[in-house]
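Written below as structure tokens is the structure these notes are about.
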Amino acid sequence: MSAPSSVPTVPLDAAAVGEALAAMRGHAPLVQCLTNVVVAQWTANVLLAVGASPSMVDNPEEAGPFAAVADGVLVNLGTPQEATVAAMHGAVSAAAAAGTPWVLDPVGVGGLAWRSRVVVDLLAHASPALVRGNPSEILAFAGGGSGGRGPESVDAAEDALDAGRALAREHGTIVAVSGEVDHLTDGTRLVRVANGHRWLTQVTGGGCALGALMAAFAATTDDPLLAATAATATYTVAAEVAAERAAGPGSFAVALLDSLATLNPQELTEKVVLR
Amino acid sequence: MSAPSSVPTVPLDAAAVGEALAAMRGHAPLVQCLTNVVVAQWTANVLLAVGASPSMVDNPEEAGPFAAVADGVLVNLGTPQEATVAAMHGAVSAAAAAGTPWVLDPVGVGGLAWRSRVVVDLLAHASPALVRGNPSEILAFAGGGSGGRGPESVDAAEDALDAGRALAREHGTIVAVSGEVDHLTDGTRLVRVANGHRWLTQVTGGGCALGALMAAFAATTDDPLLAATAATATYTVAAEVAAERAAGPGSFAVALLDSLATLNPQELTEKVVLR
Amino acid sequence: MSAPSSVPTVPLDAAAVGEALAAMRGHAPLVQCLTNVVVAQWTANVLLAVGASPSMVDNPEEAGPFAAVADGVLVNLGTPQEATVAAMHGAVSAAAAAGTPWVLDPVGVGGLAWRSRVVVDLLAHASPALVRGNPSEILAFAGGGSGGRGPESVDAAEDALDAGRALAREHGTIVAVSGEVDHLTDGTRLVRVANGHRWLTQVTGGGCALGALMAAFAATTDDPLLAATAATATYTVAAEVAAERAAGPGSFAVALLDSLATLNPQELTEKVVLR
């Protein structure tokens, strides 16, 4: 925890972000998504478009064995049921044993008591490589907010930054707070990604799929903060490109899949806005 | 039940429909959808596009507490499972206690015995603000038909009107019968909405999402018949606009989300065809 | 099993494929899909676009009674849960009793022990009319491979042909092995369909929906090998048409639904490449 240890070992510049995309595509990581039924299709299509390999094995019998061979695991709390929560436990436990990075997206945590306990129980297995949420969720997770009433946040990313930093240090993880400007921190370093488009908030799973993308990058990038940054940059730069060809949230979502498939590392490096 | 009580307290004219859209967008109601896994994504995207806030909390532990804070609740019987039916009971019970309107979409009722009993059990908590179905479902619900074999109707809306009226009176609810011309009744008053496009029947959830939209409007409109009318008008007028830019059911669904996002109250008032 | 019995009773030429599409549309078969939550929407939209009637009844109480009245049944092992597996048993048992064709898509079989046992148990009720899988899955099903790690295949269709032939003979079924060139066999006859587009592998459910289409054709075509051929031809020719209008996997999926709706039997006959 001394000062030198907080110096980035991988420079978080625009070139590194482009290289991380190339590396991720080169590996085509197998990402197991234990996610909600609303966004499962969108999440799989985002991963397929960008060049990763999704699998949604989420039953209690198979989730653990599958996580043992997956390259990355996403746990998203959007629509948990008793069986899928049991599957999450199996997957997180197996991922921890295998040293496989897992990403936690604590949708709706804080406002809903049952899933808040589920999150606490999951963290007992191992810390996630990354936690991704909107400001309300991060505040609630860190004990400082209500979590809002629904999947939408009532706070700004800036407001959740201190909570995010504390959370990152407590669990030795990266915390990614979504917003107009995304804030990513490992508790010491901070990266702001200032790309994106408002239509992302009008596509269900707009944020959830980013969690899956983070698992894909975490599987192929040594520095988890760079993984979070490259995933966010890839998704939000592709969103900007897509918005230019769209007439509303419907055509935007379609164009986003096209953009994710065609975005190349050089274009990503040129367009990402890091602060 | 005397004649004067059947006089509309809110005039169901085209201007009122446009005003209801503006009011709904102004409130951005939180709509909890307990719906089927096939249409959950489409339903959420329809609500997001039109300016409402969807949440799909559908587990037995959280559905009740969430309904207590939601602005409207949708219960759709498309793919019920034991756990989601338990969640429906919790949600309907909590909505009733909180005075929150809930919408019932009895998909496949009549033809399938188990879900028909589920519907009867749910009605024991409280009457829904609105019931939405195709003619086969409304006839079966009212005890006069088989419910068809699948989600598609074999009867015309006109044929289910008497059954719908009786159902509306019995349960003190609005009954919306979908068809080429949608028929909406509170048991006394009748509104026909003659907009729409045949491609709506080739998009899965074409009707289910309308149920969610009705919950959004019921949350922000005093007269539930106006809520049903405004939801139907918004959805079917947007469908007409979308069809002009589409080449088939795939591009139609995409354009419909765009249209729902851009449709303004004035355009709605001009284009809705009420009879 | 004598030589003459292997002579096709329906000629598997391009004209027969077009006629099978016309016949399928004429009947608009009701296809019950017990499939995974990731692809349920896509599968329903594919069936609706092409002119069939989907229903996703997949709970243990209703799946059997519904299969007794459906025209065809799809069982897809993508995301099995305890309840949906119970529903599969009910559906397969009822389909067998009613003489209704069912299609098995053993997603991920071989690599995952639990679902591999589920498949064995389902086969105890009756043989499916068709089995559809990628080469890894067919090899694993036949006992000769690992099934891969995820939904994507690591083998070529050609490599799984012998395993597919053996499987077809053992179970008296059609085996369809997907790939750049699809290989379809009843154990004796072999049909290769050489249409398609690589973007199909970047749309989740790209293969799963083809299984549902096979159930639709099996419900309306006497020769199950012709059913498998016509389904594959319809889907992959529509994919080629769609690819001409698309800029990536997102717009391709949308255009594919449009193409499926507009493809006519004559165009299908002209464009299908049978080998």
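Just so it is clear, glycine is given a Cβ too, placed from its N, Cα and C backbone atoms.
Here is what TrEMBL records for this protein:
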type	residues	note
BINDING	A:M56, A:G205	substrate binding site
BINDING	A:R132, A:S178	ATP binding site
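In this structure, the C-alpha atom of A:G205 (substrate binding site) lies 13 angstrom from that of A:S178 (ATP binding site). Contact with chain C, taken as any Cβ pair under 8 Å, is found for the binding-site residues A:M56 out of A:M56, A:R132, A:S178, A:G205. Its Cβ taken as reference, A:S178 (ATP binding site) is surrounded by 27 other Cβ atoms within 10 Å in the chains shown. A Cα-Cα distance of 19 Å separates A:M56 (substrate binding site) from A:R132 (ATP binding site). In sequence order, A:V103, A:L104, A:D105, A:V175, A:A176, A:S178, A:G207, A:L210, A:G211, A:M214, A:A228 make up the list of same-chain residues 6 or more apart from A:R132 (ATP binding site) whose Cβ falls under 8 Å from its Cβ.
Under the three-state DSSP scheme, A:S178 (ATP binding site) falls in the coil class.
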